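Below is one structure, written out as structure tokens, with a few remarks after it.
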């Protein structure tokens, strides 16, 4: 998907850590991801599952924060998870009403300040860009659509093209159809999302039962095209790339996965062949 002649770029896609202070093994594993030496880190939210998780989270991300990166927030960056009937996830809309002054609020503002303080780009209903090895990466992101906080940014002002090779990335926590359509219309080459946990409880041979949003089950995790087949497949000429990360964690009130391993994803982006 990169412009012809561009060197490969590796993107580490983190999502849905749902970290609690006691998860030392998860913290150590996230820290070890720096050994992969990615060119870019994208965090698609739901980082915290406890009001005291900020310091452990920043410790987990510390080895990666010197790498160019960007992030958006998920609902579990704003609000701590609550106990609820797991059967709610089978409903067409499993969301709970949350208020901005909810007493279980999490330190999302402090998280954003810490990450931007080391150079990561906050894409909360914003545009920005990164420069990676001569490649300009145009970024567009939204706040969490699962909370209806998404407000797609206005088009970029003309004049940003300086002649360098350019990659356009769209970043969202929850892959709601309205947001994917907006990012495709905005000409994103690749859209990165999380939220689904890959279905979390999957049936072998069938896959995810739910996505916890209006995305179809077939795209609950992994690399796909949107809205049609993958761009490299027959019939995919009008699609853009979509990667949904199954994420690393779960709510502490539903700490189970089945046939759906936790993951962080390392994507290698390569150049299109010259025409």
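Numbers run from 1 along the shown chain.
Each residue, glycine too, has its Cβ placed from N, Cα and C.
TrEMBL: automatically predicted annotations, no manual curation.
Checking TrEMBL for region 'Disordered' across the ranges 125-145, 146-166, 167-187 points to 146-166.
Here the domain 'Calcineurin-like phosphoesterase' (10-198) returns a mean pLDDT of 92 for the predicted model.
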